[in-house]
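Have a look at the structure below, then the notes.
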Amino acid sequence: MALQQEIIQALGVKPQIDAHEEIRRSVDFLKSYLKTYPFLKTLVLGISGGQDSTLAGKLSQLAISELRDETGDQSYQFIAVRLPFGVQFDEKDCQDALAFIQPDKVLTVNIKEAVLASEKALREAGIELSDFVRGNEKARERMKAQYSIAGMTKGVVVGTDHAAEAVTGFFTKYGDGGTDINPLFRLNKRQGKLLLKTLGCPEHLYLKVPTADLEDDRPSLPDEVALGVTYDNIDDYLEGKQIDEKISQIIDGWYVKTEHKRRPPITIFDDFWKQ
């Protein structure tokens, strides 16, 4: 089997989807997990103002609202968490996303002081962080805050990982990649847009240029610049379409290089890294 087909199979991507069916599938998935573990009462998710967290947030709120209606248990809650590093340049998009999602509760945790304190402690130990590694520090601090909130609210941390992100490993290991449950897994980027459009999301939230915005030296660096391919390229690849050989090789390369990110910690029984 060609690598492209192996990847499509591993990530569960369909060449075509019914948006209503996929919305229902994700909502039921979240509900089923919470119903299986009745001691869990909240879904917790960081909201950045981008496409992925907006979609995951809306699906989470729909799931929680339905659970309350179906069970009569009013303790179920969706907690949206704003996690700016100082002042976020696209704060209006974040507020627009929250207005669309209508979360039960919004918490704001400014991670700047925590990141700077960590950087200072490392510097005193003789470790000077590069701008790139400092960016990963931000992502991990955001996830740490979400797990603290989840720990105090009987919660589950919801992730935003989707197929176009997974295939390239475009996430921080144990940062935004370190979550409990991923309702967007199997969808590529354009399919996520379709779900948001179907849900009535303001289009500027899913048409904006995707950026992780973690690096201070390269603020708002577009994902597509960092990856060297466009999301349309990646989506075509994941839908099984024939694409330019050079583009295909770049995507193949990202997948192979980042395999460790998609696996739990490597043990003596693993051998994928030897191949």
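Every residue, even glycine, has its Cβ placed from backbone N, Cα and C.
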Quiz item: In Swiss-Prot, the residues Gly46, Ile47, Ser48, Gly49, Gly50, Gln51, Asp52, Ser53, Lys189, Thr211 are said to bind ATP. Which of Thr153, Thr160, Thr258 is said to bind at that same site?
Solution: Thr160
Self-check item: Additional site residue, Arg140, Arg142, Arg186, Arg190 [criterion: listed by Swiss-Prot with Lys173, Asp180, His260, Lys261 for deamido-NAD(+)]
Solution: Arg140
Quiz item: Out of Ser48, Thr160, Thr211, which of the binding-site residues is least crowded by other Cβ atoms within 10 Å?
Solution: Thr211
Exercise. To the nearest whole angstrom, state the Cα distance for the pair Thr160 (ATP binding site) and Lys261 (deamido-NAD(+) binding site).
Key: 15
Exercise. Compute the C-alpha separation of His260 (deamido-NAD(+) binding site) from Thr211 (ATP binding site), stating it in Å without decimals.
Key: 23
Quiz item: Between Lys173 (deamido-NAD(+) binding site) and Gly46 (ATP binding site), what is the CA-CA distance rounded to a whole number of Å?
Solution: 16
Quiz prompt | Rounded Cα separation (Å) that holds between Asp180 (deamido-NAD(+) binding site) and Gly50 (ATP binding site) | solution = 20
Quiz item: What Cα-Cα separation, expressed in whole Å, is found between Ser48 (ATP binding site) and Lys261 (deamido-NAD(+) binding site)?
Solution: 22
